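Annotation comment: TrEMBL describes A:76-106, A:119-148 as domain '4Fe-4S ferredoxin-type'. Look at TrEMBL and you will find A:185-220, A:235-297 tagged as region 'Disordered'. The compositional bias 'Basic and acidic residues' feature in TrEMBL is assigned to A:186-199, A:209-220, A:288-297. Sequence annotations record features per position, and here TrEMBL assigns compositional bias 'Low complexity' to A:235-263.
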Amino acid sequence: MYGSGILKGLGVTFRHLITTFIDDIQWLGRKRDVEVFQQKQSLANRGLVTVEYPEEKLAVPERFRFTPFLITYNQDDPDYPGKDWCTSCGICAKVCPPQCIWIVRGTDPKTGRPKPEPEQFYIDIDICMNCGYCAEYCPFDAIKMDHNYELASYDRTSTHIHDKARLSREIRYWQSIAPTIAAEEEAARGGYDHTDVQKARKKAGLEPSRPDPLKVKPAEPEPAPVAVAVAEAPAAAPQAEAPKAEAAPAASAAPAAPSSAAADGETPPHPGWIKRGKRWIDPNAKVEPVRRKGKSE
Amino acid sequence: MTDQVLPQVTDLPSTVAALKERFPNAVKDDTRSGYQGVIVDPAHLTEFARVIRDEFGFNYLSSVTAVDYLGHGDHLEVVYHAYRVPSGGKPLVFKAQTDRNDAVVPSLVSIYPGADFQEREAYDLYGIHFVGHPNLKRILLWEGFEGYPMRKDYHEAYYEQETKPFDSRWPGGHVFRAEEYNPFGHNVRYPAGFTLDDYKPVAEEQLQQGMALGVDIMGDPAFRTDRLIVNLGPHHPSTHGVFRMMVALTGETIESLEPVMGYLHRNHEKIGERNTWYGNMPFTDRLDYICSMANNLAYAITVEQMMGNQVSVPYRAEVIRVLMAELTRITNHLWAIGFLLNDLGAFFTPALYAIQTREYILDFFEATAGSRMMCNYMRIGGVAKDLMARIRSEAALINDKVRDMDTMEYLDKLINDRLPRSIDELDELLSESEIIKSRCIGVGLLPAEMAIAYSASGPLLRASGVPYDIRRADPYSIYPELEFDICTRPNGDIYDRYYLRLDEMRQSVRILKQILPRLKDTQGQPIFGGKTSYSIKVPAGEAYGHAENPKGELGFYCVSTGGGNPWRYHVRAPSFINLTPLGEMCKGQKVADVVAILGSIDIVLGETDR
Ligand code: SF4
Ligand code: SF4
């Protein structure tokens, strides 16, 4: 019969319409519920899949790569607070396909010889093609790919060339966004510490690598290394939060707060917790999502 | 359709011997180390081409490109790769050398119409004059462009150094922005005697000519529309990007059509020659950005050919590669069908159904490679990372656990349930619709001989009834051990191209079902068998590697001089070459069908313009 093909096709669209309404009725008022979201995003879903960005966001997988950032020791590390992991070996600058990494190698003021520390480190994130080579080929786990993809701004010159301060994040941040990978890398290094630090400790007759200091002594308030935190806090704070950091007196004595929190001038609900987006998370624990009911934004 | 492997042409050496006998003074072996094929005297090139086509069966000129050997013999060289279609096998490579200062080579368009755009490209970028070409003008660049950018002595506006890595980056890397030193307005050069004020784009001239030719509104009281030139694009939703078709119309019927492209041109190949060998991998993602995994694969195959026994790809890596390539084929065909329907006027309902399914595959790519579309996943000698044990995220967003799934379980569900279900649904929604049938059947015809002559590839070629699929014709990876059919359709119209894509997706699912047990069996095995160094050196020589990409034959022609950067890096882009027959296919059709015909070819401008 002429037209039967069209009718058949209309049947398919009608089926989609019905399933969507069934979804809506079934999940009335629970649209943003984690469980519902999970169901809607799964392979089994038959109705609507739309994610209402920016109210809702899809979580990104651990391997997700956006722009790179540099790893430093935690600011509250007892032995090496805030020390750079980068040795300025230059491999990332050489492997970078669009050549958007600029590194000034540090020199020892006494001897004038190069020392394994970057004096300056720039990445032009507008040129960066997010390929991930720098992180892949860095021999010291010192550069990693960030998950924060909301970097739009009005001005290229002042905000899109990230300098060392802007690039540096504490290692606990990396552990929080990519726990599995961070653990794998730690195993490959043979311990928590940076490979060069491990060598130096061995030479000094110490145990090569300490266990992760945060994992050893969790959740007890300790005097904050305030001076360090203040001096370096804006460095580790993400750009988006920088204006806030300026507004809030950074000298607020946050108890043992990691730099990003200190920069915000907010006190974490528990010592050692860090802020991710609008929420606090415990970087040590396996992340448990806080369930939200309805639109409790 | 056939299930067996096609017979391999093994008589290439005897063909070459016979040709040398036939042209005793004009054909000689290419004896440079790492090179293959023959060098033909340009004076005999047309005759040579006619002989290999008519007497030796090399009826398909896949790739035409040029190389500048400045400092290595100081000549320009045009390189041709000819195949036998559909029987397949290795290519006959032949080259013609010419002087850099007076570069003239006979055109092969009269023998292989598929050489048309490719010769124009070589003219555009290298300044080689192809004598006898019917329409030799710039194709990717505009007429006011000064110089031939692919020549080795050409320096682009932001030129910093011959090859990467640049010395200014480390150890004294003080940041600067290229545009500071080369501000807009000072980064352009014009040919001598060229003034912008007098410049009139060719299109405009033709437009005016066209108007003047037929329509004399004042003089003709009956106001008969006679001949009209219409520009479709460059800004038009149906062109899938920035692409223009200049159409000469008689009434509503198309007299002739000329594609105009290059709006997205960034000289990918020049960038590629400055890059390191590895540096090109993420750039290939940006060619056909729908199919980055497949692009990666074709590039990796090419460089692996040149590396010879220095790399060996482990079995698990091959399995993962085929998994990725076939998933890519499905994403591409879903996209192509969705947008073909958009072009036909079924605005976005089918497209969104298709995109929804595609999204599940992209989720898997994101979890494995780190990016949905710019995957940068293959490496020379394997793949970058093994599959994650679980597809999950620890980011503390409201939907933490959405993707906390076992990877194998996810793939299993995807391949055995979700994909077949979606393909069937599209079939049910579209295939029998009378509207689609009446718009598509018998429109945009491309007969088999014409498809071969025009070097069409991929679904465009197979929908014309030519069973040529590189996965069978010149096998790579583990395709020989997998069972699948080469899909063909007999009629070569839009409907067949649409239906062929459905068929191919079903075949891809069939391949994926065979991949799943192989993935399980090889769990934990190595995935990389190449050099771990961040900057590899490739032995001197040349290689042409090609793969059956979703859109057609994607080929890379690379030349190495033994260093860390390619001397020549050429992309044989299916989206570009498949446009060669567009004008012929549209002749005599109605103007509304142009959009559908273009949609059925399935191009991506990132690859067309490079
Ligand atoms: S490769 Fe790693 S250690 Fe070397 S300069 Fe780059 S970030 Fe620093
Ligand atoms: S991600 Fe790639 S492009 Fe970006 S800085 Fe790293 S190596 Fe360079």
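Cβ atoms here come from the backbone N, Cα and C positions, even for glycine.
Values in this document were obtained by computation on a predicted structure and should not be read as measured data.
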DSSP residue counts for the region 'Disordered' (A:185-220), split into helix, strand and coil:
18 helix, 0 strand, 18 coil
For a three-state summary based on DSSP, what are the helix, strand and coil counts in the domain '4Fe-4S ferredoxin-type' (A:76-106)?
5 helix, 7 strand, 19 coil
DSSP on the domain '4Fe-4S ferredoxin-type' (A:119-148): how many residues come out helix, how many strand, how many coil?
5 helix, 9 strand, 16 coil
Contact set, same chain, for the domain '4Fe-4S ferredoxin-type' (A:76-106): CB under 8 Å, 6 or more residues outside the stretch:
68, 70, 114-125, 127-129, 131, 133-135, 137-143, 168, 170-171, 194, 196-197, 210, 213, 222, 224-225, 228-229, 232, 256, 258
